[in-house]
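Structure first, commentary second.
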């Protein structure tokens, strides 16, 4: 079901759509070219508004006009103070819109000015859109397909590359024209690409199939029995209200810019892409039930979590309160310096990797493994095993100082050395990839050649304890696996013993954006160091396993 069909099913439309249709009828200068459908759509949805009966499609868009359109798209209501900016007078029509755009971090201003009346360039507009739609920087080689790709400003290259990769920006006649001002019609077209369907009033909606992205901007909205082929954006207009997604299937991402500490509730739903949390105004709670698990969660603002997550990343100095559920792998990026994590009673984090400084992890839940690669980490979760990389300082496991290159358990008084590479322990001594075959079919086969291929990401491979079991978590390179990306292209041995696919070796999560497939192999004993061997045809690779980030390729 396309956008028009969906709107006819919702409560909001009877009033909202009428005003949009009348606006389109009142506009006497609608374009008669490729941009007409996008301009009409922008008028219907209230993103563009006529002035004295005209929409001025070929006029350059100003920064203030763009701010107003973005505010309408996301339902922004909260205003920041403009006292630090000298060029936004309270008497101007755009005063409120500039204040809202500053609050939602669409525009930031510079040198004490917001420049509201200045026409905005294409590269500026695309960068702002990537920012508010939470689109991560893309591969800048994408710009090479345009004859003027090299002229894109350095600060805009990643954002524009991402917009091109996603299909939101296509250029014209092989050019991006980054420094050229963008017209109102051109901007309407990009907005049409980015936001296909709008839900602007609280209601219970059954939308069928939505082609493209869907934006929800009102609290107390329930979406049921819906398939979204693109992204679902929970926008700023939701405020600190509730949203429920029930039997919703999202092929793209779930972007959470709105919602409060009561709940964004996921019931029997699935999300193929990542979940991005960036609510500038309120702490969000994500609650899932009925088999709704999250594969990838990127957190940029304070979050209360009641859900199972495979891969969680904190990319800002935020507070994460995990009340329930299991997080298999969590990471604090370097941009998350100062983040605070509380693992509540009954909640579990399998492995926490810390790459930002001054991170604190506390609570009475279960935190099994901590890999510290940045200074001044404090871990007080009882029983957590804390491994500190060499050269890292200021780590504390409870009351115990943990020097770089050592391991300690919270609640114990001493730290022990990691033993360097561990190459002489755990069964690797004297092996070198050619264990003898005693004829039982399980030992490593003979006559093998060590591979030169990049089969495994060693920094993401290591030993993880889950409840009373011990596993090797292995990060496989998708490109190296070839067509099909099936992990059974390899045969797996632990300490010379062959492990069975599906029984001992199972898939955890696929991360195509990182070119990785994460699998786990059940370990038979609790040895500190163990040897993993992968065999493919007549090639092999051997890794001495330690904690995550401490394993060594032999």
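Positions of Cβ are set from backbone N, Cα and C atoms, glycine also.
Now, the feature entries from TrEMBL:
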- 419-430: compositional bias 'Gly residues' (COMPBIAS)
- 443-454: compositional bias 'Polar residues' (COMPBIAS)
- 22-84: domain 'SLH' (DOMAIN)
- 85-142: domain 'SLH' (DOMAIN)
- 143-205: domain 'SLH' (DOMAIN)
- 400-454: region 'Disordered' (REGION)
- 1-23: signal peptide (SIGNAL)
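Residue counts for the domain 'SLH' (143-205) under DSSP, helix first, then strand, then coil, are 29 helix, 9 strand, 25 coil.
The average pLDDT for the domain 'SLH' (85-142) in the predicted structure is 95. In the domain 'SLH' (22-84), helix, strand and coil residues by DSSP number 26 helix, 4 strand, 33 coil.
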